[in-house]
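Only one structure is covered here, and it is reproduced in the block below.
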Amino acid sequence: MTAPAIELKGISKSFGPVQANKDISIRVRPGTIHGIIGENGAGKSTLMSILYGFYKADSGEIWINGNETQIPDSQAAIAAGIGMVFQHFKLVENFTVLENVILGAEDSGLLKPSLARARKSLLNLAQEYGLNVDPDARIDEIGVGMQQRVEILKALYREAQILILDEPTGVLTPAEADQLFRILHRLREEGKTIILITHKLREIMEATDEVSVMRRGEMVATRTTSQTTPEELAELMVGRKVLLRVDKAPAQPGGKVLEIRNLHVRDEKGVERVKGINLSVRAGEILGIAGVAGNGQSELLEVLGGMRPGTGEVLLNGQPVELVGANGRAIRDKGIAHVPEDRQREGLIMDFHAWENVAFGYHHDPAYNRGLLMDNAALRADTERKIEKFDIRPADGWLSAKNFSGGNQQKIVVAREIERNPDLLLVGQPTRGVDIGAIEFIHKQIVALRDAGKAVLLVSVELEEIFSLSDRIAVMFDGHVMGERLPDQTDEKELGLLMAGVSGPREATA
Amino acid sequence: MDFITLIQVLDSTIRLTTPLLLACLAGLYSERAGIFDIGLEGKMLASAFLSAAIAYVSGSVWLGLLAGIAASVLLSALHGLASITFRGNQLISGLAVTMLAQGFTVLVAQDWFQQGGRTPSLTGAGRFTGITLPFADALEPVPVIGPIYAELISGHSILVYLAFAMVPLTWWILFRTRFGLRLRAVGENPAAVDTAGISVTGLRYAAVLICGVLCGIAGAYLSTALQAGFVKDMTAGRGYIALAALIFAKWRPWHALWSCLLFGLLQAVALRFQNIDLGGIVIPVQVMDALPYILTVVILAGFVGKAIPPRAGGEPYVKER
């Protein structure tokens, strides 16, 4: 039996009091695609960053191709034939593709020969693996799919034999993701070893040969992919049985709660991000907005939430909503609640206690006030109730928001907004960075609100989430609504095309 | 305005541009690497003092220059220690460097020379003197070209030529060498440099030290070439003007040359034309003297186009979790 391409023995790593990796051991066979799956915060990225020399392990050994190897920094990792594509690309945005590729791997003090060699080498790699890029394009002028190919090329240019990809599909359309997996298979055929970190079960099942599961900093199992099931992996990830599908009754749509007519929105740079869209959401209905991040969905939510001005017409229960000079309070008073996309920046104040966060945006509510003073006792009592009802853990209202896990932070926001019993709930990326257990819970709450006859506008970049929650799906691309579909009359492939801006002939009747 | 006056004003422009240009390029190296430096002023001041003091004591301007560079590099290292190693606030650290220099130079000057915080006047080998370029005398009588060559181009000190030669050299280093590529990268996205296996800390220290050397030359030029000795606060805000010029130049070497020349020209005009009589309305000398500073404020207020600084500028590099 050949030596494993990578063998980690007893790796531990702490960040202050948080132990990110506990005594982790793993073997990766050469020439395979090895998946590492786990929830956010399970320690996958930390482990791989240790392997790439970005962090130093507190203890443990790294063996490469049967030899123990010290990897104190990234240079040592590169020398050992390891390349890494980080979740957040490490590219210099105002450099060209070529300059990014040679950075740190220049042949000599002068750039000219290196640039010439890299240009040739890039052409060869492009042919060999289908990694097409324009070597002279600037990074900030190319799309994320191509940026990712640049990252892969960077690793291959350094002759990496082992390639680590951290959550590579988060920013890709389904078609781009398929293309990525074709490239990975091609690399495997050439004998390269690939480690794929992800929290998406589907990708593990489709692309990997073997899979290791991490939970709370520990390696809990390794399986041969063909001999396991998504259900088993999900259970290993969470530590208990989970429902992967949301159970919900068919929608009973009522009258139109939200109507958007010819809405235009510009961002702070004056670039038009929403280009005249028309949408409506009925009572008792969840409208899901699908799309690759950055196609105007965020701006749409922000306008409706009173965080950004826009032009056009928005009606709530037939009454016009201010689009310019609106503010969060006026919007909330009208019966719109908002779970913003970025809970840490817009949904919470991370250094404030949970009981303070639980009432943000509603501090003027008489229930929280006694004359001129805040009624802190009432606030804390309200917090106790919400902690209980939404199973927020740890159940301590005196903890700062930052001390809760992502899932529990999100529960605080969701509890605050849903408990106002709004006519319309705006919700952006409700489960980004949220563990599977909390996802299940948050999804149930959203569906319960719908069943109570309220309207929900959901924005998510996770197609799976869109499919499992939505009663109707609208796809946004480049500021336009490309089309609306009913979830049981479409599939990921069709939505993927719409997300990439390719228009389809079929239209759903809303 | 006659031809000779024009030549004289331009000649003076070149002399006054030199310290600005050196300081501006110094700032360029530092800020391109992501370390903001508002301590250019302080480093120039420290160098101006120490180079004049050592030049006076030793009688050698070259020893003075070396001492000035050493003083400036020391302050640079301090700024590097605070902002790179200890990840402190770069503005505060830069400000501290300047305040330190403002106090120390006068204090030490008084202690050493007892002349009210100045150094004694430099003479002979204690000063940089003009270099007469070949054929300057022979060409002088030739109309137009003669005065331009003999007056404008020839006759400056070696530091002037060095400053102007630094412009193409800096461009070449920045855009044609490995070091330049890495320097620019570390100011834009240090994480990219780190994951490419290059030391972010090492690169940033290198940039900060180059900045120190150039500021040192700028300071020495002030007290040993432009003037003949150190006086209190003799930099007169040139470090800040250089920063304004750097922003105006959008952190590019050739643009830095043009914007420094503009500031130099304004200073030269103010020196030459004290009161300007515009048919009854007299523009007082104070307005002329204030011009470079007014332009600085205008530029810093962002009236001149949008300048996008290096993206990672001012941010200490911390590996993200």
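Glycine too: its Cβ is placed from the backbone N, Cα and C atoms.
Counting only same-chain residues 6+ beyond the ends of the transmembrane segment (B:12-29), those with a CB under 8 A from a CB of the stretch are 37, 40, 43-44, 152, 156, 159-160, 163-164, 166-167, 170, 183, 207, 210-215, 217-219, 221-222, 225-226, 235, 238-239, 241-243, 245-246, 249, 251, 253, 256-257, 259-261, 263-265, 267-268, 271-272. The feature transmembrane segment is assigned by TrEMBL to B:12-29 (among others).
According to TrEMBL, the transmembrane segment annotation covers B:49-78 (among others).
Outside the transmembrane segment (B:90-109), and at least 6 residues removed from its termini, the chain residues within Cβ reach (under 8 Å) are 35-43, 45-46, 48-49, 53, 75, 78-79, 82-83, 115, 117-119, 230, 232-233, 239, 314, 316. Positions annotated as transmembrane segment by TrEMBL: B:90-109 (among others).
Only residues 6 or more beyond the boundaries of the transmembrane segment (B:158-175), in the same chain, are considered here, and those with a CB under 8 A from a CB of the stretch are 14-15, 17-19, 21-22, 25, 28-29, 32, 128, 131, 183-184, 214, 217-218, 220-221, 225, 253-254, 256-257. Summarising the annotation, TrEMBL assigns transmembrane segment to B:158-175 (among others).
Positions annotated as transmembrane segment by TrEMBL: B:205-224 (among others).
The transmembrane segment feature in TrEMBL is assigned to B:256-275 (among others).
If you look up TrEMBL, you'll see B:281-304 (among others) marked as transmembrane segment.
Here the transmembrane segment (B:205-224) has long-range neighbours at 18-20, 22-23, 25-27, 29-30, 32-33, 35, 37, 40, 43-49, 51-52, 55, 61, 64-65, 68-77, 79-80, 84, 119, 122, 126-128, 157, 159-160, 162-163, 166, 179, 183, 186, 230, 234-235, 238-239, meaning same-chain residues at least 6 beyond its ends whose C-beta is under 8 angstroms from one of its own. Within its own chain, the transmembrane segment (B:256-275) has Cβ neighbours under 8 Å at 5, 8-10, 12-18, 20-21, 24-25, 28, 164, 167, 241-242, 244-246, 248-249, 282-285, 288-289, 291-292, 295-296, counting only residues six or more beyond its boundaries.
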